[in-house]
Amino acid sequence: MEICPFVRLLDWRTLRAADCLTARQSREVDRFAIEELGISSLVLMENAARSVCDWISQYDQASSGGETSFVVRIVCGRGNNGGDGFAIARLLWTMGYAVEIFATHPEAEFSPDARANAALARKLGIPWRELQEFGEAAASAQAKDWIVDAILGTGQSRPLSGVLAELVQGMNASASRRLAVDLPTGFSADAGPVSGNRLIDQPHELAGLCVRADVTITFVTPKMGMLHPGAREYLGETFVASIGLPEKLLREAVSLQ
Ligand SMILES: NC(=O)C1=CN([C@@H]2O[C@H](COP(=O)(O)OP(=O)(O)OC[C@H]3O[C@@H](n4cnc5c(N)ncnc54)[C@H](O)[C@@H]3O)[C@@H](O)[C@H]2O)[C@@H](O)CC1
Ligand SMILES: [K+]
């Protein structure tokens, strides 16, 4: 189902390991695109953000005739997954959506591309709320609202704890719909819904440790962890978004053949 030009629905029935990238391969794709092909990482981030915004606006058109009275709350981590989130906030805001940004870290701790997009969001005066207000905002959110999970993507390297685990619990307890950017926070690109280095057979064990997304929009290709039998429970309806580079080239770059 081509819901918008650069985004295609993932067919779970035909998903194979050969179609999937590991976190390391995903980073290699990034590196190859930036260093060998010379595309800027900010262009990749913008393309990633644009595909998420296209999806939200197409879905909104298709499901409610473009009624945009819902609120999109975007929770941004400190890495490039967060950078995607700041860019998504800017694009949705310029399209007239009600947007609220929540950042998990002070700007000084952001990755360079996240900092660039956060600074732009600040300059444009996009509503930016205190992180500690998120629990209350999520608890009072309506079913037609969206929470965009831009906390962790392929950089997730350990189980969630502390503030991030609390944020994820707040997200999962909310009536709001949840959209995961690249991967749900708490979901390992390599192994799926894991806790520590142990695959979780009982998904309920992950309650609060992994975002239960209604929709996941992943970039370039599916990720290896999506093969885990419990994956769909956390990914929801999954789409694969192109970020402007020929997939075949990227596969060669990570010698997927
Ligand atoms: N693959 C690609 O071609 C592209 C990737 N982009 C985005 O870049 C993301 C990867 O960005 P990053 O490598 O900065 O990583 P993330 O943004 O996923 O993670 C940020 C940082 O969080 C820390 N972290 C890891 N596990 C944690 C935990 N359990 N608790 C607390 N902190 C933790 C790590 O230091 C990690 O570097 C992708 O998921 C995607 O959203 C896009 O911007 C565009 C292109
Ligand atoms: K995410």
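The first residue you see is number 1, and the count goes up from there.
Note: Cβ is positioned from N, Cα and C throughout, glycine not excepted.
Feature annotations, reproduced from TrEMBL:
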{"type": "BINDING", "residues": "ASN80, ASN81, GLY82, GLY83, ASP84, GLY153, THR154, GLY155, GLN156, SER157, ARG158, PRO159, ASP182", "note": "(6S)-NADPHX binding site"}
{"type": "BINDING", "residues": "ASN81, ASP149, THR185", "note": "K(+) binding site"}
{"type": "DOMAIN", "residues": "26-251", "note": "domain 'YjeF N-terminal'"}
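According to DSSP, ASN80 ((6S)-NADPHX binding site) is assigned to a helical segment. For ASN81 (K(+) binding site), the nearest neighbour among the binding-site residues GLN156, ARG158, ASP182, judged by Cα separation, is ASP182.
Its own atom aside, the Cβ of ASN81 (K(+) binding site) has 26 Cβ atoms within 10 angstroms in the protein chains shown.
In this structure, the binding-site residues that sit close to ligand 2, with a C-beta under 6 angstroms from any of its atoms, are ASP149, THR185, chosen from GLY82, ASP149, THR154, THR185. When the binding-site residues ASN80, ASP149, ASP182, THR185 are checked against ligand 1, ASN80, ASP182 have a Cβ within less than 6 Å of one of its atoms. Long-range Cβ proximity for GLY82 ((6S)-NADPHX binding site), meaning a same-chain Cβ under 8 A and a gap of 6 or more residues, is found for CYS76, ALA103, THR104, HIS105, PHE110, SER111, ALA114, ALA118, ALA150, ILE151. Of all the binding-site residues given, namely ASP84, ASP149, ASP182, the one with the smallest number of surrounding CB atoms inside 10 A is ASP182.
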